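**Student:** There's a structure below that I have some questions on.
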Amino acid sequence: QGTRDHPPAHVALRDRLLAAVVTCFKRHGAAAIDTPVLELRETLTGKYGEDTKLIYELQDQGGELLALRYDLTVPFARYLAMNKITNMKRYHVAKVYRRDNPATTRGRYREFYQCDFDIAGQFDPMIPDAECLKIVHEILSDLQLGDFIIKVNDRRILNGVFAVCGVPESKFITTCSTVDKLDKMPWEEVRSEMVGEKGLSPEAADHIGEYVQLHGGLDLIEQLLQDPKLSQNKLAKEGLGDMKLLFEYLTLFGITGKISFDLSLARGLDYYTGVIFEAVLLQPENDHVEEPVSVGSVAGGGRYDGLVGMFDPKGRKVPCVGVSIGIERIFSILEQRVEASGEKVRTTETQVLVATPQKHLLAARLKLISELWDAGIKAEMLYKKDPKLLKQLQYCEDTGIPLAAIIGEQELTDGVVKLRDVATREEVRM
């Protein structure tokens with residue numbers, strides 16, 4: 001099906017992961033919003049380029065053609081336009097749906113969570129964009145997933161490159177979606193798709209190849225600003241100027257070590273208008289390999305200044321920039337690590353098991369556990385009238401419950417509870 005059931009250990013792991021991401025979003029002052037899983041079909045179509053075919057469309061439901069949401073960005077833009085909101089910093093964690101060919105081993109599903117952070121509003125250039133990149137850096141560092149790189153580019157620079165290479169404007173978007181395949185295909189295959197399927201001249205394709213295989217930092221931006229052809233193109237010049245500014249802010253945030261200005265980055269979605277970025281985990285295959293290999297994109301985003309205007313009857317634009325954390329991909333990596341290490345994942349947060357050593361003490365257990373629950377303590381007991389003490393302590397060990405509160409006849413007489421540390425077997429009466 002390309003979807004799957006999650007056993008308790010996996011859900012516990014994912015919850016911890018989501019909590020870490022949400023904590024970061026909140027640290028940056030974002031408010032949570034929620035939008036419906038169902039949108040009008042016309043809201044979604046025409047926003048995702050070639051990926052439009054992956055939208056789950058529903059049959060006519062009472063006169064309306066509906067679809068399942070493909071991402072959280074388009075519904076957010078629709079929400080801003082409908083409610084006439086021009087300024088907002090928001091996060092949204094929810095499931096999205098894609099009629100894709102799943103690859104479950106690589107964390108590619110038809111139903112999966114996305115964690116989005118977006119800043120909407122008219123602000124000075126590159127300040128919100130820099131914060132989005134800082135958030136990606138924070139989350140990937142906090143989760144300790146290993147080495148990563150965040151690739152950055154700008155749609156205006158790409159379009160400028162296409163223009164100076166002789167690509168007609170009508171073919172910018174389709175050329176862009178072909179360039180986007182460079183992370184999965186070698187340049188030769190991308191070039192033949194440009195010429196064979198997209199109808200570009202071989203000269204134009206070769207010329208594009210000279211640019212899109214470049215990557216670097218501020219030095220590359222300076223070099224391209226001096227490029228005789230690119231510097232004459234208004235779009236490219238704007239994009240490069242903003243990219244330079246972005247790198248200045250990222251230097252102040254202290255994160256440029258993990259940022260690469262990469263001209264091959266295109267991101268296939270139609271709605272991006274400026275800066276685009278994508279985070280990739282790097283994994284050394286073995287000790288003999290100097291070059292770490294990429295294990296796929298785990299976060300991506302960019303600036304989409306025209307999207308809200310598409311839903312506004314008067315076409316009022318609200319500039320936006322945002323990032324989406326690919327939680328399922330990260331989750332797949334963490335799952336594999338946990339399985340490889342053989343460590344047990346606690347599936348509950350129970351702090352104490354209420355236990356009895358003798359028979360006929362169910363009433364005492366029920367009274368004590370009720371007091372603990374009322375005091376906000378996470379507690380459990382076995383659902384047997386007279387369980388053996390060994391069985392109860394074994395349950396603590398199996399599920400990772402750290403404490404057992406034991407009440408026997410002697411404890412009832414003395415008005416105390418014996419608290420046992422399950423791991424060390426130390427006991428105190430209280």
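Heads up, the Cβ atoms here are built off N, Cα and C, so glycines get one too.
As annotated by TrEMBL, L-histidine binding site applies to D71, L72, T73, R98, Q114, D118, R267, Y271, Y272. Marked as domain 'Aminoacyl-transfer RNA synthetases class-II family profile' by TrEMBL: 1-357.
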**Student:** Write out the long-range same-chain contacts of Y272 (L-histidine binding site), meaning residues 6 or more apart in sequence whose Cβ is under 8 Å from its Cβ.
**Tutor:** R155, G302, R303, Y304
**Student:** Measuring Cα to Cα across D71, L72, T73, R98, Q114, D118, R267, Y271, Y272, which the record gives as the L-histidine binders, how far apart are the two most distant ones in Å?
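**Tutor:** Per the listed residues, the maximum Cα distance equals 21 Å.
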**Student:** Excluding near sequence neighbours, so keeping only residues 6 or more apart in the same chain, what lies with its CB under 8 A of D71 (L-histidine binding site)?
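**Tutor:** The answer is Y48, V96, Q114, D116, S324.
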**Student:** If you count Cβ atoms within 10 Å of the Cβ of Q114 (L-histidine binding site), leaving out that atom itself, what do you get?
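**Tutor:** Result for Q114 (L-histidine binding site): 19 neighbouring Cβ atoms inside 10 Å.
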**Student:** Around R267 (L-histidine binding site), which residues of its chain at least 6 apart sit with Cβ under 8 Å of its Cβ?
**Tutor:** D180, I276, E278, G300, G302
**Student:** Can you name the residues of this chain that are 6 or more positions from T73 (L-histidine binding site) yet have a C-beta less than 8 Å from its C-beta?
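**Tutor:** Set apart from T73 (L-histidine binding site) by at least 6 residues yet with Cβ under 8 Å, we have D116, D118, Y271, Y304, L307, G322, S324.
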**Student:** Across the whole of the domain 'Aminoacyl-transfer RNA synthetases class-II family profile' (1-357), what does the mean pLDDT come to? Round it, please.
**Tutor:** 89
